[in-house]
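What follows is one structure encoded as C-alpha cells, with my remarks underneath.
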C-alpha cells in the first residue's frame, strides 16, 4: 500500500496558503487598504468553500449519516479531518485481515513489444485510501486554479502598482505559485490515470521534474503577462480575460450540442436533472479556469460517461500552445507600447524577451516530457512534435499565400517588350509546326 504523500502535500499547501492569505489580508486592513483587504479575503475564502464541497461530494457524505463530519466541513476543517482519517487507515492496514478483497487486472506498459497482464488484490482499506487520494487531488486542482491563480495575479498586480514587494507578500506569492504548479501536476497525473486506465502506470522522478519545470515556466509567464498588460490597459484586460474564459467554458457545451448526444444522467443517482446541470456547469467552470493559465491536460467531453476524453489530441494541444504564444506576444507588445512611468527603472526590452523565452522554455520541457519521460510513450501512435510542426507549417502557409498571389498578379501584367517576345516566339513555333506539316504531306 502506497504512503499517502499526496494527501499530506495537499493539506500542507492548503493550510499554509490559507493562513498566509488571512495574515496578509489583516495587514492590508491595518495599512488602510480596504479594497486589497477584501479582494485578498475573497480569493482565500471562496476556494475554501469549494474544496469543502468537493470533499463532501466525492465521499458522498450527504447520503451517509455522518453529521459530525459535515459539521467539521462547515467549520472549514474538512481537509484536516480527511488527512487524519487517511493516515489512520494507512497505519492500521494489514493488522486485521480484510474479508472484502477484489481482484483487479491491468496490463504492463509494453517493453520490447511484449505486454503482460497483472492481477492484484485490492482490499477495503486500500480502496478507501484511493478515494482519499482522488478527493485530495481534485481538491488541489480546485484550490490551485480557482483560488491560488487569481490570488497570485492579484498580489503581483498590487506589487507592481505599489512598486514594492514585501517579505510577507513574496512568501505568499511563492506559496500560491507552488499551489498552482502542484495543481497542474495533479492534472497531468489525472490525465494519465484516465487515458491509460487499463495499464499499470509508474511515473518516474525525471517525469515529475519535467512536469514541474514545464508548469512553473508556463504559469509564471502567463500570470506576469496578464499583470503587465492590466497595469497599463486596465479596461482592456476585462475583454481579454472574458473572451478566454467563456471561450473555454462554452467549448465543451458546443461539442456536446454538435454531437446530439442525450443528456448525461449517470453522474449521481440521487441528483435530479437540475443538480446534474449544476455539476456540469461547475466542471466546465473549473475547466475554463485551468485553461486560462495553462494547458488542462484533460479534455472535458460531456457525451462521455466519464466526462473526460480518453483520446490524445496532439493537434488541439499544439494549436493551444501556438495561439497562446501569439497572444502572450501581442499582450506584451501592447504593454511595451503603452508602458507608463512605473517601469522607468525597468529594462523593458529585456523583460519582454525574458518572458517570451520563459514561455519557450515551458514548451521545451513539455516536449521533453512527452518525447522522453512520458511513462506511456510506447503507446503513442504519433508525437507532439509532429503536431507542432504541422501547426507551424500551416501558419507559414497562411503567411506565404498573399505573397504568392502578388507574384501571380505581377506575372499576369506583362510589359510590351515581354509581349513582343511572346508573340515572336509563338510565330516561330507556328512556323515550325507548318514546316513539319508540309514535310509530312510531301512524304505521304
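Each Cβ is built from the backbone N, Cα and C atoms, and glycine gets one as well.
TrEMBL annotations: computationally assigned, not manually curated.
On a predicted model such as this, the values are computed, not experimentally measured, just so you know.
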Of the residue ranges 318-338, 381-401, 402-422, the one that TrEMBL records as transmembrane segment: 318-338
Feature transmembrane segment in TrEMBL, mapped to one of the ranges 148-166, 167-185, 186-204: 167-185
Transmembrane segment according to TrEMBL, located in which of 213-234, 235-256: 235-256
Surrounding residues of the transmembrane segment (235-256) on its own chain - C-beta under 8 Å, 6+ positions past either end: 226, 229, 284-285, 287-289, 291-292, 299-303, 331, 334
Segment proximity, the transmembrane segment (167-185) to the transmembrane segment (318-338), 3 or more C-beta pairs under 8 Å: no
